[in-house]
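Quick look at what TrEMBL lists:
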type     : residues : note
ACT_SITE : S278     : active site, nucleophile
ACT_SITE : H343     : active site
DOMAIN   : 34-69    : domain 'EF-hand'
TRANSMEM : 214-239  : transmembrane segment
TRANSMEM : 251-268  : transmembrane segment
TRANSMEM : 274-293  : transmembrane segment
TRANSMEM : 305-327  : transmembrane segment
TRANSMEM : 339-358  : transmembrane segment
TRANSMEM : 370-396  : transmembrane segment
Amino acid sequence: MGEHPSPGPAVAACAEAERIEELEPEAEERPPAAPEDHWKVLFDQFDPGNTGYISTCKFRSLLESQSSKLDPHKREVLLALADSHADGQICYQDFVNLMSNKRSNSFRQAILQGNRRLCSKALLEEKGLNFSQRLIRHVAYETLPREIDRKWYYDSYTCCPPPWFMITVTLLEVAFFLYNGVSLDQFVLQVTHPRYLKNSLVYHPQLRAQAWRYLTYIFMHAGIEHLGLNVVLQLLVGVPLEMVHGATRIALVYVAGVVAGSLAVSVADMTAPVVGSSGGVYALVSAHLANIVMNWSGMKCQFKLLRMAVALICMSMEFGRAVWLRFHPSAYPPCPHPSFVAHLGGVAVGITLGVVILRNYEQRLQDQSLWWIFVAMYTVFVLFAVFWNIFAYTLLDLKLPPPP
């Protein structure tokens, strides 16, 4: 086999598996084998008794002698893993998990419990990166508090799939806003137009039996000033979070915030309609800010205090606008303007479910006790709100505004 040049700092997992062949002492050509066969052959050299474990001393010697042929970041993770085993042995399955990009919870805990400090230079200090590599590195430092996680993400991210969820939701929100703006011939404070609430996407208390309205209200915004801030926050916060944590997890936080927002309005502000994606946006942003605060020393994003202050000011201004609008004389009495309570529902989801998701990068959520506690709390709230919507309006003999 010919010699290969030393790999760069970011190498895909499949290429890593192919280069493992170079760690084997035999140089003759062999028939193609599955990646796990290569790892097994390498592992068996140090496990002649076929016990499934090898000495961490031998394992460290192997890694250090072949350091130029291994991706430097994955080598550091392997060394941290080896140092974390107090019994002096490393498991074959842990080795396979690393090379196949499978990070089990036990594997992650073994690394985090290690006493070794990574002595090589940090990802932030690496030079000669192109634009896409710098962007991925920037996202890693924006969202992840641990250097091991940042390097893991940097090596593993392939932009496949891209952050499609937040981009798709944002494009749909803009498209619906433009359509409504043309239809109503009004773009600023659309919500004050007499025909605004006639749209079938808006949540209205008289039409709460139409279940889709608890979700579709995110595609209606009070005006360009409302849409603008939500779009900016979705793109600046939501897209990087989706790049790191994936569309499924970020969609879960976003949709949970949206549903919690409309249900919170139906319980706490029973006569008001709801519009805008603030419930989902505030769930993502509050989860991100809470994660930064809880991991303050580990977060290495630049100007984090200033940026947190700016984010909080923007959120406060948007919330203040929503409160002012709610109590401003309505353009369609007796129905008031849309409620601000959805913002609070989103924050509640962000600091509970959202924080658990963002703190457990690439880990199984079902292994986290806090996850199940917050899921149970969210489920209880949803069931309570459903029963409230079925019975409370009648029992309280509440006078609701007529349907639009």
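Using the three backbone atoms N, Cα and C, a Cβ is placed for every residue, glycine included.
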- [ ] Answer yes if the transmembrane segment (251-268) and the transmembrane segment (305-327) have at least three CB pairs under 8 Å among residue pairs 6 or more apart in sequence, and no otherwise.
- [x] no
Open item on the list: Give me the CA-CA distance between S278 (active site, nucleophile) and the residue listed as 'active site', in Å, as a whole number.
Closed with: 6
- [ ] Please figure out which one of 214-239, 274-293, 339-358, 370-396 racks up the most CB pairs under 8 Å against the transmembrane segment (305-327).
- [x] 214-239
Open item on the list: Mean pLDDT across the domain 'EF-hand' (34-69), rounded to an integer, is what?
Closed with: 69
TODO: Could you check the active-site residues S278, H343 and say which one's CB has the most other CB atoms within 10 Å?
DONE: S278
Open item on the list: Within the same chain, where does the transmembrane segment (214-239) have neighbours whose Cβ lies under 8 angstroms from its own Cβ atoms, ignoring anything closer than 6 residues to its ends? I mean 6 or more beyond.
Closed with: 163, 166-167, 169-170, 172-174, 176-177, 180-181, 187-191, 196, 199-203, 208, 250, 254-255, 258-259, 262-263, 273-281, 284-285, 288, 311, 314-315, 317-318, 321-322, 325, 337-338
